[in-house]
Amino acid sequence: SQQIQFADDMQEFTKFPTKTGRRSLSRSISQSSTDSYSSAASYTDSSDDEVSPREKQQTNSKGSSNFCVKNIKQAEFGRREIEIAEQDMSALISLRKRAQGEKPLAGAKIVGCTHITAQTAVLIETLCALGAQCRWSACNIYSTQNEVAAALAEAGVAVFAWKGESEDDFWWCIDRCVNIDGWQANMILDDGGDLTHWVYKKYPSVFKKIRGIVEESVTGVHRLYQLSKAGKLCVPAMNVNDSVTKQKFDNLYCCRESILDGLKRTTDVMFGGKQVVVCGYGEVGKGCCAALKALGAIVYVTEIDPICALQACMDGFRVVKLSEVIRQVDVVITCTGNKNVVTREHLDRMKNSCIVCNMGHSNTEIDVSSLRTPELTWERVRSQVDHVIWPDGKRVVLLAEGRLLNLSCSTVPTFVLSITATTQALALIELYNAPEGRYKQDVYLLPKKMDEYVASLHLPSFDAHLTELTDDQAKYLGLNKNGPFKPNYY
């Protein structure tokens, strides 16, 4: 009987894979960066990937070509996706039915820049049902569901987006939404602030005539506050990101359920016993940590805010500096909305096969551009999965090129997006119909009464029944029986 050579095997395991024998799909990063974008095909697309949608002549069944999508023929498939999403977005459909008769957005010309998924399609079609005209682009080059974009284009929405846009395509799509003869936007719905930034810089005359901006991300809201502080925000803006129905639901519960989905689909990683560092313990970080802890991962947290750091400690996580644990961790997840959280120095010190990804909206958290150097080799192994290989053979697994993991690499729970979408729709209705002078040229939080209304619309899904205050109890608490129950600062 043969004896098993454990010693030899152990030596083999500890060696890094060498450069020889690398597969032919290995690509040096000296190739153009747009090459890696264009290889990101949609799950539903396998053909004609090399032809840019900008070069195709497409028309929908009504003869309109006022859109630019991957393939208009996928519209029927996309329509089924939207219908499935509608089943779990009952509050938005209920709002659509309630307000359809009075058309509160009649005359509104909304230009939007969000993720284009089945869920946002339900929002866009709700806005159209309420009387608005919409033109839409994508806020992320990877998150567009091509079939959904096709269904929107077929339904008459001017949508300019496809999965795997280049950086140039991204700005071209935004420009096509804004720069059109005979149509001028009067409302902006943004996710990340790129659309607002583009209109402000390129079309100041259009920007001055906007009646309101609704923004739903940390990054975009930060940009709005910067404009406001500099005295350059000449329109009222609604900060949906910090509304309770966004923070406590989309940021927390959505990330708690989608972080694992994105990581599993791309890497098939097993989390039990893995060491993971989560950068940032805001609502997104809290959701990610809860999910990872539940699967048996050893979770570290980095924080700049002592309150969030103390919360992490009380929840049982070690709060560390990234440099203290970077050599030992198996996964690094950024959730800060900041820039250069993971630097080239950190990436150089990571161990072989470390997975690096981002759950914040902006793609600035991981310094990906520092990896685009001749001595490192990039190997595309799956859609949105790159192995970045160092000269000694060490490889780091980079997901979605540092862009938002869950929407780039998987999907997100429909129900929780219904909450955010309903909040966005109400914010648009509020800003569009507000009497002169109610909102000045500043950034506003969503009124708590509206937050509570959005929450109440979702309770029937759980067959939940609210208790009502008696007159005596309401007087004792100093509250109106019908709310709002939360103070404005909550």
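The backbone N, Cα and C atoms fix where each Cβ goes, glycine too.
Feature annotation from TrEMBL assigns region 'Disordered' to 1-65. Feature annotation from TrEMBL assigns compositional bias 'Low complexity' to 26-45. According to TrEMBL, the substrate binding site annotation covers Thr117, Asp191, Glu216, Lys246, Asp250. Taken from TrEMBL, the feature domain 'S-adenosyl-L-homocysteine hydrolase NAD binding' applies to 251-412.
Counting only residues at least six positions away in the same chain, the Cβ atoms of Val416, Leu417, Ile419, Thr420 sit under 8 Å from the Cβ of Asp250 (substrate binding site). Taking Cβ-Cβ distances under 8 Å and a sequence separation of 6 or more, the neighbours of Glu216 (substrate binding site) in its chain are Thr114, Asp190, Asp191, Val240, Asn241, Lys246, Thr420, Gln424. Within the same chain, the residues at least 6 positions away from Thr117 (substrate binding site) whose Cβ sits under 8 Å from its Cβ are Ala85, Ser143, Thr144, Gln145, Val148, Leu407, Thr411, Val412, Leu417, listed in sequence order. The Cβ neighbour count for Asp191 (substrate binding site), using a 10 Å radius over every protein chain in view, is 26. Using a 10 Å Cβ-Cβ cutoff, Lys246 (substrate binding site) registers 24 neighbours. Among the residues Thr117, Asp191, Glu216, Lys246, Asp250 said to bind substrate, no two Cα atoms are farther apart than 18 Å.
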